[in-house]
Amino acid sequence: GSVVASYPYDDSPTHKPTGVYSKSADDEVFKYLAKAYASHHPIMRTGKPNCPGEEGETFQDGITNGAQWYDVEGGMQDYNYVWANCFEITLELSCCKYPPTSELQQAWENNRDSLLAFIEKV
């Protein structure tokens, strides 16, 4: 996990594991939506999730192109965009895939304003 808003494409023509910006036809729209979410999140907006084992990982403005971060062939957001014309971003909300119950209230507080801003844009 991480704390970042990722947008299509997750897959790249070269399938290099990381570092390839895979631009969609609607790249500017996806960046706009990802930034709408990230800019209201207290951790995401810093671009420094500080996840254990990945302390040096950074994301400008708290967003990333999926394939630039890491290549995923056959991902759901790409599939839905290409085959169903659905605009999806992927929200990584925690370094931990299964946060303990004691952290859920803070997770909600961290994401509430972001979610409302995102819904307003949609």
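A Cβ is built for glycine as well, from the same backbone N, Cα and C atoms used for every other residue.
Of all Cβ atoms in the shown protein chains, 18 besides its own fall within 10 Å of the Cβ of GLU92 (active site, proton donor/acceptor). As annotated by TrEMBL, active site, proton donor/acceptor applies to GLU92.
Among the features that TrEMBL reports, domain 'Peptidase M14' is placed at 1-122.
Residues in the domain 'Peptidase M14' (1-122) partition by DSSP class (helix H, G, I; strand E, B; coil) as 52 helix, 16 strand, 54 coil.
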